[in-house]
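Everything below concerns the one structure shown next.
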Amino acid sequence: MPKFESKEDFCNQTNMKDEINKELVEFAYKKLNIPLEHGDQNYERMISGLVYNFFNQELADARTFARDYILDYEKIRRRDYNSFLEYIFAKREHLAKFIGHVPEEILIEYPVHFDYGFNTYFGKRFYSNYNLTILDASVVKIGDNVMCGPNVTITTATHALDPTLRANGLENALPVAIGNNVWLGAGSQVLPGVTIGDGCVIAAGAIVNKDIPENSVVVGVPGRVVKTLEPFDPNFDVQTLLQEYGMGFIP
């Protein structure tokens, strides 16, 4: 039977928080399209890392409606649109119905999976290959120019390690933040509570279980930093370089 010396000890052992994350709640209400009333205590507990009621009616409805939107996303067909751009725009408009924040430039291949959808913030020019999974019981912040290979998983959901506590239904979630210009390789996984800095590359199959500094290359299980990259240069003109080498794009 688990033993705890104090509330602090309980939180440390269970990886749970003991108070509402006011900054995160403010971000959610201001930046995300949330289909719940502001001030919903169960929602605020969920995204803040506290124990919450998974079977709460509002949350259960939100999860299951997200499944419906995902199934409908699969039905968007290129043949029903006059151009590729119209097709991509239709996919984007559909995502905006249930995702927290969707930029103008986004392409997510089907199949894709979300827990809620509305707890996920996508930055500009996001792309994911097939089978992206985001378990967004807490908030997932994704920066600009982020790319995901196939079968990438980002999860905020976690459970008590102790079997007695886990069997009694204790569940919580910890937010994930991914910076700008990040590439998540095929089959990589980002675990609850992790922050990945700008400019990082997460190698195929890597499992990220701790914060990663900017411009790092991460490989392995668990993920470890093996290289540091040069920071992003916003003034670099790759098109000019391609033309110089005779490798420019063909219209």
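Any Cβ shown, glycine's included, is placed from N, Cα and C.
The annotation domain 'Maltose/galactoside acetyltransferase' is assigned in TrEMBL to 43-104.
Across the range of the domain 'Maltose/galactoside acetyltransferase' (43-104), the DSSP-based residue counts are 38 helix, 1 strand, 23 coil. Across the residues of the domain 'Maltose/galactoside acetyltransferase' (43-104), the predicted structure has a mean pLDDT of 96.
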